[in-house]
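As given in TrEMBL:
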COMPBIAS  1-16  compositional bias 'Polar residues'
REGION    1-24  region 'Disordered'
SITE      Arg42  site 'Transition state stabilizer'
SITE      Lys53  site 'Transition state stabilizer'
SITE      Arg194  site 'Positions MEP for the nucleophilic attack'
SITE      Lys250  site 'Positions MEP for the nucleophilic attack'
Amino acid sequence: MTSNSTAPLDVHNTQDPGGDVNTLQPEPRIVAIVPAGGVGQRASSGLETPVPKQYRTIREHPMLRVSVQALLGDSQISQVYVSVQADDGYAQSAICGLDRVRVTRTAGQTRALTVLNTIDMLLEHKLVRDVDWVLVHDAARPGLPLDALRRLVSACLESGWGGLLALPATDTVKLAAPQSTVASRQLIQTTIDRNRVWLAQTPQMYRARVLQQALAGAIASGFDVTDESSAIEWAGQPSQLVRGDVANFKVTWPEDFEMIERYVK
């Protein structure tokens, strides 16, 4: 069990998921986790009073709320768990009034630890079973279209394999040469065949126990877990690519907030 995994759930402004899933949920169900424990230093650069980027507003709503609402558009997702730091003072007001959403104070030092802590807590409290699906989505991807979300869910349910949204590369892809700067210029090592290159997005969706074991093993080994699918790769498990959407980009830089408003209604 990782640290913080037994942290209590916040229950204000939420709907109870319905008790022990081992007795009440005979079919595998889908729960979502939104890791929201980061500070988003790049997106907050230049602000006089920086706040974590997931709480900056998009069309008068916190970005976290918009991202969570994108998940709630699919009724197959039975519950959304927003994972924040123990001292977070923003999350409850950000999700106020949303059904099927709970805040859990299980954020760790990294995104991978946050997701692992949250899955540990859900399994321990029997809020998910081993065979249930866990769908992880970035708090900074508020432009997720419902049809893209449904493509991923359908692909995973129909095949039984986990997977993620991703976009095939359209630009020519260059691999930078290691330690090869000349006069502060980065040099190219080679050109990669873009026909096999996909750019990962979220959500990423896997069975609860499969993802928990993959994350725990990868973290313990010192592997650099950049997203859930990288841990699944480390564990040697199959993972399918499902076409994502250009609107589903990650808000990273200050100028991205203006761009995302073109996609969020």
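Cβ coordinates come from backbone N, Cα and C, glycine included.
Remember, it's a predicted structure, so these values are computed and weren't measured experimentally.
Counting other Cβ atoms within 10 Å of each Cβ, the recorded sites Lys53, Arg194, Lys250 show the lowest value at Arg194. Looking at Lys53 (site 'Transition state stabilizer') and Lys250 (site 'Positions MEP for the nucleophilic attack'), their Cα atoms lie 11 Å from each other.
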